Amino acid sequence: MLGGLLVSTGMVAASFSQEVSHMYVAIGIISGLGYCFSFLPTVTILSQYFGKRRSIVTAVASTGECFAVFAFAPAIMALKERIGWRYSLLFVGLLQLNIVIFGALLRPIIIRGPGSPKTVIQENRKEAQYMLENEKTRTSIDSIDSGVELTTSPKNVPSHTNPELEPKADMQQVLVKTSPRPSEKKAPLLDFSILKEKSFICYALFGLFATLGFFAPSLYIIPLGISLGIDQDRAAFLLSTMAIAEVFGRIGAGFVLNREPIRKIYIELICIILLTVSLFAFTFATEFWGLMSCSIFFGFMVGTVGGTHIPLLAEDDVVGIEKMSSAAGVYIFIQSIAGLAGPPLAGNLNTQNTNACLLSLMNCASFLFKP
């Protein structure tokens, strides 16, 4: 909810910008921080909601960004032509307040089994107290019948006490166990001990190198099409096609991981290899339909990786569900470093009149050189 508020505030503030530096602060820092506060908890909470169907649920939930690229991008461009960029940013900022509403629906779910230890201890304690009260009442009645005044303490009337009603040792032990304990040590907010686990280090390095070439193809597919003599409108259609293919890739990967024909980490490795092949295929595209085929192939494979690489942190092959919150934070931080470096590096190669083949090979190398 805080993330949604920051995203909306940054976008609304950007609509009043007078310089580009103002937009850097409003959108880059304020809205960017809000995206972190909203995206990461959503993925983590969804992974903790589900166990058996975690892969398909997170894959379907991640398709929202694909629909946004396909639908909102042309809609906002048309809106900008009608009312200007300032009012367009203001409209988008107000629309993003929906993140706050949907964030309120992500509440923690606590499910206790019928035989949880806390319930059993409480029931045993009530049973022991009930039997002790019955013993005192029985002793008092026996004393009145005999005409002798006795105290109601069980120690003073051993001859009148039913052995079956005497407090057992295990009941006394239950009463001792229910005594208040000192508060347990809280788990750290950010557990850096995961950096000692080899499985997480290898997975984080995979995220580092993969993200280096993850965003560049989407940014440069339109300039690539124009450089090959394709009309600008048709070149823009390549990006929309890539987004639609990504939706099917995310859902398809979720179904495959849910069935788990082999270990999930192996499925992810196969998807990465095919994604590398799709990038390499761009070097052979020379006309529109060739780029269209490569865009569909690349979009589908990007979906298979983009919708599953974060939920896989919850698997025992990486860190497990208990440490996923801390692991996801560190993992996204490492990815962000490569995400900042990848597009500028590709852009630098592009400004030096480097052909598209070298750009595609650079992206392929970023996926191949990983643990």
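Just so it is clear, glycine is given a Cβ too, placed from its N, Cα and C backbone atoms.
When TrEMBL is compared with the stretches 3-23, 24-44, the one noted as transmembrane segment is 24-44. Residues 55-56, 59-60, 62-63, 66-67, 69-70, 73-74, 218, 221-222, 224-226, 267, 271, 288, 291-292, 295-308 of the same chain, all 6+ positions outside the transmembrane segment (234-253), place their C-beta atoms under 8 angstroms from a C-beta of that stretch. Put simply, of 24-44, 56-79, 200-222, the stretch with the most CB pairs closer than 8 A to the transmembrane segment (265-282) is 200-222. Beyond its flanks by at least six residues, the transmembrane segment (56-79) meets 42-43, 46-47, 49-50, 88, 91-92, 239-240, 243-244, 246-247, 250-251, 253-255, 257-258, 303, 306-308, 310-311 of its own chain at Cβ-Cβ distances under 8 Å.
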